[in-house]
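Database features, via Swiss-Prot:
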type    : residues                       : note
BINDING : 30, 31, 32, 33, 34, 35, 36, 37 : ATP binding site
């Protein structure tokens with residue numbers, strides 16, 4: 001998969017911009033706060049229908065305008081597909097080849113983002129690892145994002161109801177309606193997470209083994225708040241969720257919190273049997289993160305026969321030189337990649353003949369050289 005052309009109107013600090021990227025490596029350089037990350041955000045938005053850093057669509061629109069247009073041409077499976085996003089206050093519309101389509105059509109397009117925040121994936125909170133997992137599930141399982149949003153909505157309403165019951169403003173019988181929905185949607189979320197991990201973990205283990213020269217073995221395990229046996233069906237997870245929740249009902253009423261479910265789960269990562277979060281060095285933790293990110297590329301390829309687009313937002317030079325070379329070796333001439341950086345660090349020599357260098361200045365994009 002390749003982004004062939006990107007045109008922007010009123011996106012962040014880009015009032016009008018056109019970008020015809022190299023099919024392999026694109027290094028986007030320039031001073032801070034000039035629009036490097038904005039360009040990656042535009043690519044991400046065009047392929048996923050949302051921003052990776054703004055909560056509201058209005059935030060991506062240039063402050064002097066009330067609308068944004070993103071036009072993208074993508075080569076996918078030997079087909080040229082034209083995407084257009086029109087974003088206005090309170091609405092956004094997607095068109096594919098001139099025909100208005102639902103956002104679910106974007107499941108065809110793959111994009112993997114690697115940003116500085118990802119480097120804290122291992123030592124960060126369980127929420128960060130759940131976010132990583134949910135993003136991966138969402139790219140491979142159509143409708144998952146909507147499923148998760150529905151679960152989160154049910155969870156919020158159930159927690160509010162627990163407080164009302166504790167304060168004698170609602171009856172406990174009302175909880176049963178929300179319980180059934182919580183178990184049903186929660187079981188679906190857990191089941192889909194486990195199915196994707198079943199595919200992702202073997203690839204990540206193989207990748208990590210190669211990145212470390214065969215000296216480290218990566219182990220990954222889904223840590224559920226429920227006691228789950230391996231290989232359970234969605235229906236069996238539902239039953240475990242239901243029976244386990246009923247046993248702690250009084251504790252939940254006391255705390256006014258839902259104490260079981262996918263919102264409490266985590267992903268355990270270990271190196272040679274030792275927990276990476278607590279005992280891994282910074283270099284080891286970053287290698288685990290790199291292994292997980294590269295495995296996303298390979299899993300997409302295994303599932304769809306093409307590599308997704310890779311966005312490296314100011315992260316390449318956060319890795320040491322050996323890991324930089326490992327990453328470049330993995331993607332060179334295989335994965336269309338967009339790299340933002342304030343300085344190139346001599347990386348041009350590593351990818352000579354397979355990319356373009358771009359300069360961004362105050363929302364203006366110019367090609368500097370081919371290397």
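Glycine residues also receive a Cβ, built from the backbone N, Cα and C atoms like all the rest.
Here the features listed in Swiss-Prot are painted onto the structure.
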| residue | record | Cβ within 10 Å |
| --- | --- | --- |
| 30 | ATP binding site | 21 |
| 31 | ATP binding site | 12 |
| 32 | ATP binding site | 8 |
| 33 | ATP binding site | 10 |
| 34 | ATP binding site | 20 |
| 35 | ATP binding site | 25 |
| 36 | ATP binding site | 24 |
| 37 | ATP binding site | 20 |
Q: List the other residues in this chain whose Cβ sits within 8 Å of the Cβ centroid of the ATP site residues 30, 31, 32, 33, 34, 35, 36, 37, in sequence order.
A: 38, 340, 342, 360, 361
